[in-house]
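Below is one structure, written out as structure tokens; comments come after it.
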Amino acid sequence: MRHLLSAADLSLSEITEILDLAEEMSTVQDRPVKKLPALRGRTVVNLFFEDSTRTRSSFEIAGKWLSADVINVSAKGSSMSKGESLRDTVLTVAAMGVDALVIRHHASGAPWQASHWIDAHVLNAGDGTHEHPTQALLDAFTLRRHFRSADPSSAERNGQASDFTGKTIAIVGDLTHSRVARSNVLLLQTLGAEVVLVAPPTLMPSGVDSWPAANTTDFDEVLGACDAVMMLRVQRERMSGGYFPSAREYTIGYGLTRARLGALRPGAAICHPGPMNRGLEISADAADAANSLILDQVAAGVSIRMSVLYQILGGAEESVASPVREAAVR
Amino acid sequence: MDADQIARACARMAHQVLEANRGAAGLVLLGIPTRGVHLASRLAAAMAQVEGERIPVGSLDITLYRDDLRRNPTRPVGHTYLPVPVDDAVVVLVDDVLFSGRTVRAALDALGDIGRPRAVRLAVLVDRGHRQLPIRADHVGKNLPTAASERVSVRLEESDGVNEVTIARPSDADGATPSSFPSERTADADGAAAPGEDR
């Protein structure tokens, strides 16, 4: 794997490999020495043009636990605030001889664009309203664990591919602005799950019928049929106009309220990529319920990112280096 | 080596491990994936027959500690499982073939990050020589003199459906079924063929 730009680029076997390796990586958290030497001497730069707590810190921890050197560059407090372009910033950082760039940007496609400018590996840590592949991977990791603990024989019975077959997963809320939803739809489709998208008409993306997922505007209709519900954050910072009349009305139609919690299938998993707007898209009862996997998702973040960093940086470099980069290496 | 010879070697090594440790107290067997884990289970079964108690068996994957990660495409990582804490235990590392010693070096590093055993011993089914590091085995099933370019392959029933140890000349091995061999042997062979490049 050279870059991680989109969940669509991952095959079923690649996803399974990443999830299995993340299982191994998760044991590092319980060890006295939380360090593996696999990426010693590699440099990873977290280039964040947008605010983030969990994604950036978990990429940082993941890199450090694999013994890579991790440097954080954020838009605030760097030359980006002086008006330097994305291209110049990326080229500047890459010219310092880094091995991988983890990029979050408010423009969709920025990491893809960057991967064409430089020879270093590029990992998409969220680009605009496009994709957030590591979030989808950690969601799949968390759900796979949940499904396996509910039915321990499932993994042995039919092989790993079967963990998601026959499972229905609803993704609910602000689909238009959600990169998490797009990556999840693509990844869950590859894994073989049935995905149902639920959103008010104003937040249903245009062209949603071409997505590999069913869609509906009636949340209550699908409640009893899902094995997992993924609640999405209402992204007020990306909303310019009135997508719904009031927060209260949104909650009534699309929030995971206490009443809807009761209508869920017993044992159905509740996920939320965070940060949560408690009381808006998810009630405190649902967020803190026994079958809520929200904190497991956070814990999975480091393991998944260790796994992805190892898959991308763990082996020999393919010989695609440009003359400039060759000279820098020497 | 055929199936009977492997079985006899395992039985003898089980006795030797117990004798050296004066019983089974504090012993933990850690196999190095893939075939080391199978051998560790066999040793433990043989030891249980002698001592009448279960010896904890685990696996220790050393992929992330290898010194040649950067020379090969990304390697798949195996499973690490510790049945009991290794602190103050007598850990017996079990592997199929002892060659360059680099796998064992990596295993010692991995073990150091997991805990602090009272002692670490090494049991291998085959010692084929050509060490590149100052490492030796405590218990050896069979010493097998080989040329550095030859390839020793251990097949065990658990993973390969048959019990045998064979030596192949490099030309045979390339044409035969290279993918069925444990990949680390290939890398070690590369290292042996070009010692000048080793760090």
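Count begins at 1; order follows the chain as displayed.
For all residues, glycine too, the Cβ spot is worked out from N, Cα and C.
What TrEMBL records for this protein:
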type: BINDING; residues: A:Arg54, A:Thr55, A:Arg104, A:His132, A:Gln135, A:Gly274, A:Pro275; note: carbamoyl phosphate binding site
type: BINDING; residues: A:Lys82, A:Arg179, A:Arg233; note: L-aspartate binding site
type: DOMAIN; residues: A:2-144; note: domain 'Aspartate/ornithine carbamoyltransferase carbamoyl-P binding'
type: DOMAIN; residues: A:166-311; note: domain 'Aspartate/ornithine carbamoyltransferase Asp/Orn-binding'
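Summary of the carbamoyl phosphate site environment: with the site residues A:Arg54, A:Thr55, A:Arg104, A:His132, A:Gln135, A:Gly274, A:Pro275 set aside, the chain residues having Cβ atoms within 8 Å of the Cβ mean position are A:Ser52, A:Thr53, A:Ala125, A:Gly126, A:Val180, A:Pro273, A:Gly301. Counting in whole angstrom, A:Lys82 (L-aspartate binding site) lies 31 from A:Gln135 (carbamoyl phosphate binding site) by their C-alpha atoms. Nearest Cα neighbour of A:Arg179 (L-aspartate binding site) among the listed binding-site residues (A:Thr55, A:Arg104, A:Gln135, A:Pro275): A:Gln135. DSSP classifies A:Gln135 (carbamoyl phosphate binding site) as helix under the three-state reduction. The record assigns A:Arg54, A:Thr55, A:Arg104, A:His132, A:Gln135, A:Gly274, A:Pro275 to the carbamoyl phosphate binding site, and the maximum Cα to Cα distance across that set is 16 Å.
Helix, strand and coil residue tallies for the domain 'Aspartate/ornithine carbamoyltransferase Asp/Orn-binding' (A:166-311), in that order: 63 helix, 24 strand, 59 coil [DSSP].
Across the residues the record lists as binding L-aspartate (A:Lys82, A:Arg179, A:Arg233), the two Cα atoms farthest apart are 31 Å from each other. A:Pro275 (carbamoyl phosphate binding site) and A:Arg233 (L-aspartate binding site) have their C-alpha atoms 7 Å apart, to the nearest angstrom.
The two recorded residues, A:Arg54 (carbamoyl phosphate binding site) and A:Arg233 (L-aspartate binding site), have Cα atoms 15 Å apart. Cα of A:His132 (carbamoyl phosphate binding site) to Cα of A:Arg233 (L-aspartate binding site): a span of 14 Å. Around the Cβ of A:Thr55 (carbamoyl phosphate binding site), the same chain contributes A:Arg104, A:Ala125, A:Gly126, A:His132, A:Thr134, A:Gln135, A:Gly301, each under 8 angstroms and 6 or more positions distant in sequence.
Here the CA atom of A:Gly274 (carbamoyl phosphate binding site) lies 7 Å from the CA atom of A:Arg233 (L-aspartate binding site).
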